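This report concerns only the one structure given below.
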């Protein structure tokens, strides 16, 4: 059969059929009848279109010989034979320019004279059976169906055959010839019997054994077996009364399907209340680093040695005092804790040999800050069964918080470039396959765009802090260990740099379960005056600890240096995910890759180089009250990375819930934009589910605000 196909059909048609089978993962050496069927279908589509034009007067004419003087437009747009992405691009373009309704399945042709899509069918069976199967699958009055058979029969929607008698006769003659040629070679019977109906994957997929019994058991009431249920579902009219069907299925259901129009959605309601506060485990845009370049000191790489070396670079220490107290805490204890850190670091420096780790003295201020002996005593449940008024602690509902501008500023800052390189290119051997070459080229381009990004600094800082804290939690369970907050990078000139952001002191850490909590006190350097946005620093006690000389264009100036101190906590599972923050790079690279793939499939060649090197082109980054924001491909990379990093830094049940529920609304809005006429029921319930996730989390509130901007501009 394969030899026959290659002899009988035009090489271009054979090549297109090969590509189509490859795209669907089918082997033409095995599925030879399918190979022949695809070639036949392609040829009929091309013959349907051949010689049909529209002249200047808009009339349909048949021109067999090319007349160079005629200003003619092809009557039919051929969609069949293109790869799926390109085919859908053509369909979307036609819908946009002609106002035609977008079909649910890829049609074969578009008729510019009748302004309709056409589905061509070629069958080896009865034409009316195949026609009904096609109509049942497409379920659209706007796509015209035209079926041909190898016996010369044809059938079309409303008996409207589109083409003139002669053009259709040409197609029928060609099909009859193919049949005769196959019969002469003894191939026809096998080819005729191999045709299957317009099936879906589910119909072909036989369910047997345990799965079959489970399927039969899990049917809605009033259905005895899966076949009955399937037949019932297949009988649903596409535009019939769904509400009635639902109420037939169950007396409990009384859903009413409402059309979803541009005027239907309302903005998500953000909560009122005091402004939200910073809740990340470490400072982001407000962090200050004490740094050493080209570190070569004794013990370089040992965190405590590096920290002491960094501390020595600063000479502006002064007697610390509180500038912004914590509303509920015993603030003098925070001040005493910092003084204790300074004193114990001084003690280390006075020793002959600096130790590798430092356990702090268990002073009253540290015991208070780390919640030592604060946990209620655990009692075995069996010992208190008889207590009549046994109940769980009453816990207050969380206070609602409103969106504050600082979180948008944090995000903007995370997208910016720094003057340091935070990740190196992976050391990978020579590429051995073309796909590896493309993958490493994409990775290298992407790395170049994000290696200087502040979000990448947050990744490396997060990885370091979580790794150090988890190690200390396992290695020194009973100790109040001092953990320097360190990161490493390179300057633009390539010199190595070690940075100190501050210190963590961890509490007792007998972590048996993944969710068991270890308390810690963080002390972080900053030049940000907390009195400018006191609501952001609700959970912090802020000290002024020194004065820093800064060089600027107008000379040297002195700025107060602050220390942001707070009690915090984390768990084994959170630290494990914190150590995995490099995954954010992979996630955002995959998102960029899917953009490149879409572009490449339209252009039918790899577009990686053009994608990254065409600096003049702009891409959509996100929504703001001003509209769709656009930027360079580098800005897109950094924005996607920052979103992924913030999802990690601000991970919470509120974020999980908001992401899952708002996605449903997003899909409905997208369906409306694609003219799919979506319908919804209980839209109010969906809004309720979304809005119950908007409590006090700054990142969730910002995402909800972005979603509202998207709704405004998407539905204009």
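Counting begins at 1 with the first residue displayed.
Cβ coordinates come from backbone N, Cα and C, glycine included.
Listed in sequence order, 41, 44, 45, 48, 80, 108, 109, 146, 147, 148 are the same-chain residues at least 6 apart in sequence whose CB falls under 8 Å from the CB of residue 120 (Mn(2+) 1 binding site). According to Swiss-Prot, the feature Mn(2+) 1 binding site maps to 41, 108, 119, 120, an assignment based on sequence analysis.
According to Swiss-Prot, the Mn(2+) 2 binding site annotation covers 80, 108. In the three-state DSSP assignment, the secondary structure recorded for residue 80 (Mn(2+) 2 binding site) is coil.
Residues or ranges marked as motif 'Nuclear localization signal 1 (NLS1)' by Swiss-Prot on the basis of similarity to another entry: 124-139. Mean per-residue pLDDT, taken over the motif 'Nuclear localization signal 1 (NLS1)' (124-139), amounts to 81.
According to Swiss-Prot, the feature motif 'Nuclear localization signal 2 (NLS2)' maps to 184-247.
DSSP assignment over the motif 'Nuclear localization signal 1 (NLS1)' (124-139) gives 12 helix, 0 strand, 4 coil. Secondary structure from DSSP puts residue 108 (Mn(2+) 1 binding site) in coil. Highlighted in sequence order, 44, 45, 80, 107, 109, 118, 121, 122, 146 have their Cβ within 8 Å of the centre of the Cβ atoms of 41, 108, 119, 120, the residues recorded for Mn(2+) 1, and are not part of that set. According to its DSSP assignment, residue 41 (Mn(2+) 1 binding site) is helical.
Residue 120 (Mn(2+) 1 binding site) falls within a strand when secondary structure is assigned with DSSP.
Applying an 8 A CB threshold to same-chain residues 6+ apart, the list for residue 119 (Mn(2+) 1 binding site) reads 105, 107, 108, 134, 138, 143, 144, 145, 146. Residue 41 (Mn(2+) 1 binding site) has a Cβ environment of 20 other Cβ atoms inside 10 Å.
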